[in-house]
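A.B. asks: This is the structure, below, for whatever I ask next.
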Amino acid sequence: MATKTELSPTARESKNAQDMQVDEALIPRKVPSLCSARYGIALVLHFCNFTTIAQNVIMNITMVAMVNSTSLQSQLNDSSEGLPVDSFGGLSKAPKSLPAKCSILGGQFAIWEKWGPPHERSRLCSIALSGMLLGCFTAILIGGFISETLGWPFVFYIFGGVGCVCCLLWFVVIYDDPVSYPWISTSEKEYIISSLKQQVRSSKQPLPIKAMLRSLPIWSICLGCFSHQWLVSTMVVYIPTYISSVYHVNIRDNGLLSALPFIVAWVIGMVGGYLADFLLTKKFRLITVRKIATILGSLPSSALIVSLPYLNSSYITATALLTLSCGLSTLCQSGIYINVLDIAPRYSSFLMGASRGFSSIAPVIVPTVSGFLLSQDPEFGWRNVFFLLFAVNLLGLIFYLIFGEADVQDWAKERKLTRL
């Protein structure tokens, strides 16, 4: 009994020290980084996400031109002049493409389950996911211009051609695991395999649905993603309308101002991934890094939006706050959005799709609730909308901070039969 008492604290310390971080003794010291197979795959996924979201956005950008093309030829000029107005606002219709995005994200996380070393997953996932932001920026910036100068069919030809190229890259470059990859170096293959030894990667097992439904860490991720999507949806749909109604300047008329928040978010999102992995190299616990990234991506963004009604400055200041809020919100990519890879790498693709599917309820609810608040109280309606956003975001964040974990859950581990 004395021996067990002495070893028990050591065992607990060992578990905390592991915390999904990689045993340095198992990993080769010199391995390729940027010019490597895993970063090449991240880049391919970046452009696949780019073309997927860009095609969703241009559907809304060209909608006006497609409808007006059936009218008189004299109406085409008027419709083309209105295209940039709908380019930003069209994102409010994004929920119709959410099922596709959920399936795409789920498939990507199945790749990182076998390709992403735990202490590099933040940057790899950030590189891949940031392609969505670059797709929004590009489609908003040039989609209306292409439709106006060349005609709306060329928008589909150009972005569709880019999508075909990305599809070919996917078929050629993407493999299930490093073992079957033909162009990977031996050192990198050993590096990835050794870094994933602590994780379960063996035979397939049925989904533990009951255990998932009873898992508080899973619910903390779902609710945290829901609250963050509430923030993002309000930023995309209502902040431009707020600036237009208060300052009488419609930033949707300016393609560059409409696209600026997305390019800033693209940069900050990738930088955030590198910073998260840097903290892991400084012996920060994985769950600490995930929660820090989630806090920085949620609280400052919502606080900046809440402060908008109290600013009596120009629309440039309000637009700058919107841009900064949108940029900081992408830090959650290195936090709550990849947490499923930590707690259940075996089922990460399913859980990613499920959590994003749950969070997609927010973009459906936000327009209804916000519209009701604005119609009931024209004077303080905007304050009510922004305070509700802050409350929802804060509640989801608190729930995640209390119940969020980064250890592989017991139900996500391999179940072995033992014989007595």
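These residue numbers are counts, starting from 1, taken along the chain as shown.
Just so it is clear, glycine is given a Cβ too, placed from its N, Cα and C backbone atoms.
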A.B. asks: What range among 102-120, 178-196, 216-234, 292-310 does TrEMBL describe as transmembrane segment?
C.D. replies: 292-310
A.B. asks: Tell me which range among 17-39, 316-338 TrEMBL lists as transmembrane segment.
C.D. replies: 316-338
A.B. asks: Averaged across the domain 'Major facilitator superfamily (MFS) profile' (217-420), what pLDDT does the model get? Just tell me the whole number, please.
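C.D. replies: Across the domain 'Major facilitator superfamily (MFS) profile' (217-420), the average pLDDT comes out at 87.
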A.B. asks: Are the transmembrane segment (350-373) and the transmembrane segment (292-310) close enough that 3 or more Cβ pairs fall under 8 Å, when only pairs 6 or more apart in sequence count?
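C.D. replies: By the criterion, they do not touch.
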A.B. asks: Which residues, given as numbers and ranges, are at least 6 beyond the ends of the transmembrane segment (316-338) yet have a Cβ under 8 Å from it?
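C.D. replies: Contacts with the transmembrane segment (316-338): 109, 112, 121-123, 125-126, 129-130, 133, 221, 224-225, 228, 231-232, 235, 239-240, 242-243, 246-247, 251, 257, 260-262, 264-269, 272-273, 275-276, 289-298, 300-302, 304-305, 307-308, 400, 404.
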